[in-house]
Amino acid sequence: MKKVVVGLSGGVDSSVAAASLHHQGYDVIGLTLWLMKGKGQCCSEGMVDAAFICEQLGVPHHIVDTRELFEANIINYLVSGYESGVTPLPCSQCNRAVKFGPMLAYAKEELNCDRIATGHYARIRYDEQTRRYQLLRAIDRNKDQSYFLYDLSQDILKGTIFPLGEQTKEETRRIAAEFDLKTASKPESQDLCLIEAHGSMASFLDQYIKPKEGEIVDLDGKVLGTHQGIHHYTIGQRKGLGIAAPEPLYVVKLDAVMNRVIVGNRAAGGRSDCTVGRLNWVSIAEPSSPITVEVQVRYRSKAVPVSIIPIENNRVTLQFNEPQFGITPGQAAVFYDGEIVLGGGIILQDNDSVK
């Protein structure tokens, strides 16, 4: 019998992933990662529900304490990023460094199993021509999570199953009801677990970053108002600025050195190019010459045409066909060729040369 370790969060998606594989004849072992300390009690509820699902399926359940790993790779990453004026994307880093990598290692070392599965909406296939595993968008584009998975390695793709990649969320709910799973009617969780635990990103960050009053200025340096910390703002933000102006104003830059929030009209927030670093080419070999593909610069944004020009230090320059609004340092730029995730990286600040 084929053995698989299924990552269980206690939600309906991972529950159906486990139940479906169990129904297909896999020897399923449930595994839940204990991620958060303190206020993150959503983890406690999730662990209880995950244990219940495993009991319902008649399969073993393991809990792995990854709180220190989560704090080092995610909490510290978020806090330092927001303090420096970027808007970090924790999910892709969490998937690589806290979830998939450690899960697969635990499965191999402790459970003698070389396959893991999760409830993510994405697909994996093997390309015989290139002899590489490819990461693909999910069939359900509304639930597609491939944007958050671009940083996975070939070894992880080889050892991973995404049972939900070929179905819609509605089908997942229906299957959960058919299996009479406890989580069948459980509400949809937040995309970001920290927001679910703390109510908002601002509430979470306020525990780590002290208020620091600064100026909100326009592009000419005219002071329009004040703020209590640049970590409360992100590029493209319009609401919550607390300033009066004859036209809508948006955050176009965060200056951590001067502790300033710089605002302008929508046209001022458009960019025709940007630099992306910390690259991972998940489905193809690293290109040595310019390529023209599509890029997605936010989870919910539309993929748009882009020219990717390799430069030094594991970085590329992105040149957009049309100016793009809200290009945000710290977020991921993920490259697509149709449904195939080619790779991606982190949008850098103009003065950031970090590899």
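For all residues, glycine too, the Cβ spot is worked out from N, Cα and C.
Per Swiss-Prot, active site, nucleophile is recorded for Cys94. Around Cys94 (active site, nucleophile), the same-chain residues at least 6 positions away in sequence with a Cβ under 8 Å from its Cβ are Phe70, Asn73, Ile74.
A helical conformation is recorded for Cys193 (active site, cysteine persulfide intermediate) in the three-state DSSP classification. Positions annotated as active site, cysteine persulfide intermediate by Swiss-Prot, on the basis of sequence analysis: Cys193.
What Swiss-Prot lists as ATP binding site is Gly7, Leu8, Ser9, Gly10, Gly11, Val12, Asp13, Ser14, Leu33, Gly119, and the listing cites sequence analysis. Taking a C-beta cut-off of under 8 Å and a sequence gap of six or more, Leu33 (ATP binding site) has these contacts in its own chain: Gly7, Ile63, Val64, Thr66, Val98, Lys99, Pro102, Met103.
Cys193 (active site, cysteine persulfide intermediate) has a Cβ environment of 21 other Cβ atoms inside 10 Å. Summarising the annotation, Swiss-Prot assigns disulfide bond to Cys94-Cys193.
Annotation source Swiss-Prot lists site 'Interaction with tRNA' at His120 (among others), citing sequence analysis. According to DSSP, His120 (site 'Interaction with tRNA') sits in a coil region rather than a helix or strand. There are 25 other Cβ atoms within 10 Å of the Cβ belonging to His120 (site 'Interaction with tRNA').
Under the three-state DSSP scheme, Gln331 (site 'Interaction with tRNA') falls in the coil class. Around Gln331 (site 'Interaction with tRNA'), the same-chain residues six or more apart in sequence whose CB sits under 8 Å from its CB are Thr87, Pro88, Leu89, Val297, Arg298, Ile346, Ile347, listed in sequence order. Summarising the annotation, Swiss-Prot assigns site 'Interaction with tRNA' to Gln331 (among others) and lists sequence analysis as the type of evidence.
Nearest Cα neighbour of His120 (site 'Interaction with tRNA') among the listed recorded positions (Gly11, Asp13, Cys193): Asp13. Residue with the densest Cβ environment among the binding-site residues Gly7, Gly11: Gly7, by other Cβ atoms within 10 Å. For Ser9 (ATP binding site), other Cβ atoms within 10 Å of its Cβ number 23. The CA atom of Ser9 (ATP binding site) is located 11 Å away from the CA atom of Cys193 (active site, cysteine persulfide intermediate).
Max Cα-Cα distance over the annotated ATP binders (Gly7, Leu8, Ser9, Gly10, Gly11, Val12, Asp13, Ser14, Leu33, Gly119) is 16 Å.
Looking at Cys193 (active site, cysteine persulfide intermediate) and Asp13 (ATP binding site), their Cα atoms lie 15 Å from each other.
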